[in-house]
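Here's what TrEMBL has on this protein:
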- 1-24: signal peptide (SIGNAL)
- 227-250: transmembrane segment (TRANSMEM)
- 292-320: transmembrane segment (TRANSMEM)
- 326-350: transmembrane segment (TRANSMEM)
- 362-387: transmembrane segment (TRANSMEM)
- 393-415: transmembrane segment (TRANSMEM)
- 453-472: transmembrane segment (TRANSMEM)
- 484-510: transmembrane segment (TRANSMEM)
- 522-542: transmembrane segment (TRANSMEM)
- 554-582: transmembrane segment (TRANSMEM)
Amino acid sequence: MEKKLVPCLVSFVLILCSVSHVRSDASDNRYKVGDDVPLYVNKVGPFHNPSETYRYFDLPFCSPGPKKDKKEALGELLNGDRLVTAPYKLDFLNDKDSEIACKKRLTKEQVAQFREVVSKDYYFQMYYDDLPIWGFLGKVDKEGKNDPSEYKYYLFKHLHFTIFYNKDRVIEIAAQSDPNNVVDLTEDKEVDVEFMYSVKWKETEIQFEKRMEKYSQSSSLPHHLEIHWFSIINSCVTVLLLTGFLATILMRVLKNDFVKYAHDEESAEDLEETGWKYIHGDVFRYPSYKSLLAAAVGSGTQLFTLTIFIFMLAIVGVFYPYNRGALFTALVVIYALTAGIAGYTAASFFCQLEGTNWVRNLLLTGALFCGPLFLTFCFLNTVAIAYSATAALPFGTIVVIFLIWALVTTPLLVLGGIAGKNSKAEFQAPVRTTKYPREIPQLPWYRKTLPQMAMAGFLPFSAIYIELYYIFASVWGHRIYTIYSILFIVFIILLIVTAFITVALTYFQLAAEDHEWWWRSFLCGGSTGLFIYGYCLYYYYARSDMSGFMQTSFFFGYMACVCYGFFLMLGSIGFRASLFFVRHIYRSIKCE
């Protein structure tokens, strides 16, 4: 099943890449003098609350004609984009000076509404020929005033557009508000406003194919690159220290164990066994809640596959800056198509553990990650609806996602489960399991599950925490992240450290004659997800200016789902590494 799925997924990745490039080429329009170049207003929102965005015309802006919504793709809707025709007309190579876009008389309530959004540092976003434009709606004059009641609030009413072109193509655009051409919003009184704009066209030698490069340069600046490479060096040092520790300590101890057990077999048969060989009859005793463990391993394997394919798409250039919604589209589609991997892995492993009710195991596998994600989405979408924010998904989009789940995810999950059940794979335990389990000796507190999880999660987290800041600043801020190759290296290091530390802790657990290693290895491997969620608390309160119920609930709600996904993915990595290790050491000795 897995061998058949991999070529299909590779083909899908190539198709998605080609579709993405077609999408980018669709904006590869050539214009003539006077041609209408599409300009859309997208959304407005508080600068420090990236999830709290609203439609541009939710604010009392005027429009010279009927507003027309742009048809959005699935990923764009998930991203909160709601594009509408703009009140400005920027024809190709037509300069304009103080052109009036529209006029409007603002009521007292509308003045108060604008004053409130200006006080909250609202910004706007537009797209011109698929190039992003940003700007602030107004400014607050605090100079020489200590009392907030004395502040002056102004709304910008004049936009200067500077557009660069190369022959018959648009290359770059910048928008700047005129700080001297403003409307005073300080008092609640009716105001007449003339929204104006100016357009200046300039020629440039930048090629059309390189017009998006300027948006990725910020993350490639020498200063930022130094920090990214420092992050990798820090991670590599962690890996070297850990592997060195395992090579010099663990392998030496194992070698001594092998020599000792071989000597014991030759010298005296009645000599009492100690250490990890002593529990050879219990170490492969199937764990409790084996259906849940199989479902967790299956879900974690699916999420690991999803992550690898997302990295493949990122490295080949699909997720270039402001390719609106491409990442969300890829996440939804690839997750749906990898459901078969979760079903196959979970059902196959469950049957290896001599489980009988594989249908229930399959249902558990399907709901283990999607269930909490669905409940979180329902709550947060309700919050977004209450706020009338663009993060609230339209009913049609929810229906599309449900159809993808019902017609793609569920059938593939079932097919994978049937293939896993019929695979007839055996568990392959190298030693026989005794009929009755041995009693586990009393262990010190630091060998309990929670302290071991804390030890196991700290090292992998220390290898990635520097890079985490840039990820958070991109997802929950306005930075642009494009150095996916460095991120992929950090991810590989994370996997290696997780596997090694879990193996080390599993050995020490077995050496202490504690044979219940199954769930411990999964929990220790996944504990990095808990550290990442702890970092969320630190980032929210110490490194960001986010506020408000909606932004707070979105941040902690969706980050809980992401960290839970990391817990399942890294837990399955840690468990598989420990299972391989345990099989290896018990295969290397002779047990009666």
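In case you wondered, yes, glycine gets a Cβ from its N, Cα and C as well.
The transmembrane segment (292-320) is not in contact with the transmembrane segment (453-472), judged by fewer than 3 CB-CB distances under 8 Å for residue pairs 6 or more apart in sequence. Across 227-250, 326-350, 362-387, 484-510, stretch 484-510 shows the highest tally of CB pairs under 8 A with the transmembrane segment (522-542).
Counted over residue pairs 6 or more apart, the CB atoms of the transmembrane segment (484-510) and the transmembrane segment (227-250) come under 8 Å in at least three pairs, which marks the two as touching. Cβ atoms under 8 Å from those of the transmembrane segment (393-415) belong to residues 1, 74, 77-78, 332-333, 335-337, 339-340, 342-343, 362, 365-366, 370, 381, 384 of the same chain, restricted to positions at least 6 beyond its ends. Between the transmembrane segment (453-472) and the stretches 227-250, 326-350, 362-387, 554-582, it is 227-250 that has the most C-beta pairs under 8 angstroms. The list of residues near the transmembrane segment (554-582) in space but at least 6 beyond its ends in sequence, with Cβ under 8 angstroms from a Cβ of it, reads 51-52, 283-284, 293, 296-297, 299-301, 303-304, 307, 368-369, 372-373, 376, 379-380, 383-384, 391, 456, 460, 476, 494-495, 498-500, 502-503, 506-507, 510, 517-518, 521-530, 532-533, 536, 540, 546.
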